[in-house]
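Feature annotations, courtesy of Swiss-Prot:
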type    : residues                                                       : note
BINDING : Gly154, Val155, Ser156, Arg157, Thr158, Ser159, Lys160, Thr161 : ADP binding site
Amino acid sequence: MAPGTGRDFHLHLVSDSTGETLITVSRAVTAQYAGVTPIEHVYPLVRSEKQLDRVLAEIEEAPGIVLFTLLEKDVAVRLEARCQEINCPSLSIIGPVMQLFQAYLGADTTGRVGAQHTLNADYFKRIDALNYTMMHDDGQHVESLEEADVVLVGVSRTSKTPTSVYLANRGTRTANVPLVPGIAIPRQLETLKNPLVVSLHAAPERLIQVRQNRLLSIGAGPGNEAYIDRQSVTEEVIHARRLSVKHDWAQLDVTRRSIEETAAAIMKLFADRRRQRRPD
């Protein structure tokens, strides 16, 4: 954005790691300018010439400031050269700092991509996700469902809790809410805007088998006939599917899926949704 031409500008953040360093620095600087709104374009994991081609094409389509953290010298040099050709200001955020350290310490860098994130980002993201997930297991604390990344719903024994924990271990805040016959779903579940809601389903035969094993493991006595009755379970499944269609929830059949496979499918849905919501 040239001086006096407007208050919005394109900001391209190119990283060979997560991009978190660039985002933090650029937002800290932008905050010093009242009324200025950057249109962020974040390109993580750029480590090859082919990946850089896509980045350069987008920079040329929407010129602006280019900030980068690239340890691969050839990729960084090419990015800087092309930015100069199209009159886009560019700056390596880590480069000057590394030069200062190298001059003072008299030592070479390890060149390890993303080393600064080994503990802080990944570790604390997982801890936060696990804390959230444990607090929001089995329909607890529905008042803060909006803070989730993913909300899993489903009838009993559709692997909601183990899948939630698996996702949380990968840094995804996950809540789960049971769909119980005769009990209305929480109103908060009907108005969610941020989280991806995924309805987990399984074949009635599979649910009956898992539920029978569960009753045996806890030594349950009489009074659980409806829980494993074929007609009742089939009606549960049909009701859950109807709810999913009504509320436009994503649906996933977990009948023959392991926890890992279910989690992977959910993460793909989550990634696809984020791409669709990304502004052009």
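Using N, Cα and C of the backbone, Cβ positions are placed for all residues, glycine too.
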8 Å Cβ shell about Gly154, Val155, Ser156, Arg157, Thr158, Ser159, Lys160, Thr161 centroid, ADP site members excluded
Asn176, Pro178, Leu200, Ala202
Largest tally of Cβ atoms lying within 10 Å of a Cβ, found at which of the binding-site residues Ser156, Thr158, Ser159, Thr161
Thr158
Could you say which of the binding-site residues Arg157, Lys160 has its Cβ with the most other Cβ atoms inside 10 Å?
Lys160
What residue among the binding-site residues Gly154, Val155 has the most other CB atoms lying within 10 A of its CB?
Gly154
Give the helix, strand or coil assignment DSSP yields for Ser159 (ADP binding site).
coil
